Amino acid sequence: MPSLKYQAGDKVMGRWPGSSLYYEVKVLGYDAKSRLYTVIYKDGTELELKEQDIMSVTSFQQRTRSRSRSNSRSPGRRRSRSRSPARTTRRSSSRTTAAAAAAAVATDSTPSSRGDKKLKQAAEIKISPIQQQEKKPAENNSNNKHEKKEENNMASKVNEADAKVEVDSEKNLGRYNLRRRKEDGDSKAAEAKPEEREERSSAAPPAAAAASSTPLDFGGNIGALVLMLFLPAWVLFLVLQVNQKDPSLTNLPTLPPLETFWDPQALGFVIIWIFFQALLYTLPVGKLSEGVLLRSGRRLTYRTNGFFAFVVSAAVVAAAVYQGADLTYIHSHFLQLTSASFLVSMLLSVYLYVRSRSTGLDERALGGNSGKVIYDFFKGRELNPRIKEFDLKFFCEMRPGLIGWCLINVAMALAEMKQQKLDAPSYSMILVNVFQLIYVVDGLWNEEAILTTMDLMDDGFGYMLAFGDLVWVPFTYTLQANYLVSHPNPLSLPVLTAIVVLKLVGFYIFRKSNSEKNAFRRNPADPRLSHLKTIPTATGKSLLVSGWWGVVRHPNYLGDLIMALAWSLPCGFSHLLPWYYIIYFLILLVHRDSRDMNACRRKYGSAWDKYCRTVRYRIIPGVY
């Protein structure tokens, strides 16, 4: 067997998968079958790398210096500004190593001689903590004051060079943005507080680099096109099917005349409802909450006054009913309201795509920046589209559709009383209304928690989310209440009690797991979370394996599934239609789980494999 190039215990530079950044790692072993080296990063994360993704420290330094020299226009002007580079050992970090690595691979354009001097200086001074430790001389106690003064001067120079490395490497590469660069010059970046700079450097890899290696969901262009046509057709089928006397799947509905779909009054009501919710969102009421750290190094602020908007909306609707407004209009014109909402979501999607053409790379979502028009239109290109401080994605996620869901349910309860000639809604209708009301109110009360969800952190805002927020949620999640209007299902007291208990169990799991996740994502260093078990990763983040997140990988999905079961049981078992939500939810959860698995494996490497061995089941304990 030929001798290995790297032996167990060697300290080398390993390339982070999917990027051109190198970090110091330690070789743990070699697998002859897969021909992969197992290495461990400083934070304890293990990854498997190919031999060509590993370089010795000496080779890495030589390549860095040679590329810096080849890119310089005036080598004669370059000289070191430091008498003793070894004195900067204390300031070495993975952040500066990454900056120097980015500078080392910048070959697309030639920097100025001054910029090249800074690049070389940062690369030579800060590239290798190992080299620095070997060169560091013994401290002379008699010269302490002088040494400290020199070290402080050197540190300030290194900070300036660090800021310049960032700017020049961005100019050369166009794809690396290790931390945020302000528009008003390098001086502010150099003056930033150390803790702020460290926080910015923890942002994820830049959009262009990650986007190129991110696989397309839903089958790419073709899959996105199929979904864009299928989803509206499926909503239309459900709306037509639920109003039939016999809604069995063997009795398919007939397509009504095209003019039946259109009603200007219905469109007017939809637009008024959306603008009313937008007005409540902009009122200076409620908490201003910070979102998660973005790739650009920024944190956006959001007005989290969803519960206030719900209370005001409920009061306005109650006043309108008291004044004689007939909410049963919603039931009798459900098809027209659905069509109007679809039109609004389509116009919004077109606007979002057009405005995204003028956004920068750091403002685009990784998954929706593929360059394929149909796919990007479906997934959404811009991560956080805003009109001044009005965040379009956050608003649509939590306001018109979610509060509209409750409004439609109340209208269905009134329609049931009118159609079945009842003095009060049936127990089945009450359960559906109360269960789903609790779900919505909980979401609005804990509105801040949505800022750490996949929709807000990762997904762009395009057709997929616009249609889902404005059409799918209000017009399919109300299917159980809509079904009960024409198909009553009486419940006995024991059955009613069992359904209530099931709902409470699902809600507890859902709320507890989401609260754990939100608290941990916002501040993993919170002393109140010190008892939680985690698995560290090379990205600097940790995977939570305590509480409900140590039982299954998606306990929030488990709670959702149990609650969805409690919503469907009041409708009985006469037809499959009201159970559609359970089927849809299972398909959705399996898809999301698969997408999460692939994304996390790419992002966390062997740390994710360790996590999967620790938490075996995905959604349902002992089953899946």
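Every residue gets a Cβ built from N, Cα and C, even glycine.
If you check TrEMBL, you get these features:
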type     : residues : note
DOMAIN   : 4-62     : domain 'Tudor'
REGION   : 58-213   : region 'Disordered'
COMPBIAS : 64-93    : compositional bias 'Basic residues'
COMPBIAS : 114-123  : compositional bias 'Basic and acidic residues'
COMPBIAS : 133-152  : compositional bias 'Basic and acidic residues'
COMPBIAS : 159-173  : compositional bias 'Basic and acidic residues'
COMPBIAS : 181-201  : compositional bias 'Basic and acidic residues'
TRANSMEM : 222-242  : transmembrane segment
TRANSMEM : 262-283  : transmembrane segment
TRANSMEM : 304-322  : transmembrane segment
TRANSMEM : 334-354  : transmembrane segment
TRANSMEM : 461-479  : transmembrane segment
TRANSMEM : 491-510  : transmembrane segment
TRANSMEM : 561-587  : transmembrane segment
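Remark: secondary structure over the domain 'Tudor' (4-62) totals 9 helix, 27 strand, 23 coil, with classes taken from DSSP.
Fewer than three CB pairs closer than 8 A are found between the transmembrane segment (334-354) and the transmembrane segment (491-510), and contact between the two stretches is not assigned (pairs 6 or more residues apart). Residues 303, 305, 308-309, 312-313, 316, 333, 336-337, 339-341, 343-344, 390, 395, 399-400, 403-404, 470 of the same chain, all 6+ positions outside the transmembrane segment (262-283), place their C-beta atoms under 8 angstroms from a C-beta of that stretch.
Sequence-remote contacts of a segment are chain residues at least 6 beyond its ends whose Cβ falls under 8 Å from one of its Cβ atoms, and for the transmembrane segment (222-242) they are 216, 252-253, 255-256, 334-335, 338, 342, 374-375, 377-379, 463-464, 467, 471-472, 475-476, 479, 482-483, 486, 577, 580. Over the domain 'Tudor' (4-62), the average per-residue pLDDT in this prediction is 83.
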